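Structure, as structure tokens:
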Ligand SMILES: O=c1[nH]c(=O)c2[nH]c(=O)[nH]c2[nH]1
């Protein structure tokens, strides 16, 4: 038998050996509300937290030996217990969980901690009598539809922070065109120089440092995204997406790259001709599906990618 065929047989035999691949585990979607009540003006932080540990858990899978398995129930309890000390930001809370688990258990070498934060606004005082400064001290109304997100991944001593938002719903009633696209035998779409542009923005951005004022940057990124959506005269949602990302990176050197997933929520002009009526861009049918799905990343040319920051952050191209 030649050397080559020996290697091939060896490789085939190796492929018959079954081994455990990558794995992670933990408690998903721990719903947690923290009330800061150090003054009569309470603050609330409403979170959904997912903790997943990575490390040397081989024997649990291959032998049924649970000696390294930090129970998912323990992870859930830890999330509640650490919240008692306060939640400065979703990113900082996730980093604290990462530090806790990796420093408490030698075989936990890293993991993924995901946080979603739901927004609540104070109820205006004109509606109530227990209030200060025009806003109620301890009564809240659910905020906008969007959710703030943070994913912290730790690999040994290295920490990666990806922040973001989901379901930021925006619409502009003019300032959007779509034409110049190729036509073939299946093309029926009519070109337009005035349409509704609507989307629900999901964006995630990676910080190149952990030394960031996460709350301040989050608020400013949100502002830049909204202002750019409003300001840009759009020739396609793709162009709007790119401009939104470009302006975020120009305003924030601490952000390495930003990724978007944006459905094009179609609004079709209702045909009033059968009724003998005009419809000059006034009455639309808001279709809920199908929708265009526009996704893209905007990054700094020449910057090194960091796939470990994006591992198991799904839903983007
Ligand atoms: O902004 C748009 N981008 C597209 O790629 C597209 N395709 C389509 O049918 N309408 C639109 N609109």
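Each Cβ is built from the backbone N, Cα and C atoms, and glycine gets one as well.
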Candidates 93, 101, 178, 214, the one TrEMBL lists with 72, 73, 195, 238, 264 as binding urate: 178
Proximal residue to residue 195 (5-hydroxyisourate binding site) among recorded positions 27, 72, 264, 266 (C-alpha distance): 266
Annotated recorded positions 73, 178, 264, 266, filtered by Cβ under 6 Å to ligand 1: 178, 264
Cβ neighbour count (within 10 Å, all chains shown) around residue 238 (5-hydroxyisourate binding site): 15
Largest CA-to-CA spread of urate binders 72, 73, 178, 195, 238, 264, angstrom: 52
Residue 266 (active site, charge relay system) and residue 178 (5-hydroxyisourate binding site), distance between Cα atoms, whole Å: 12
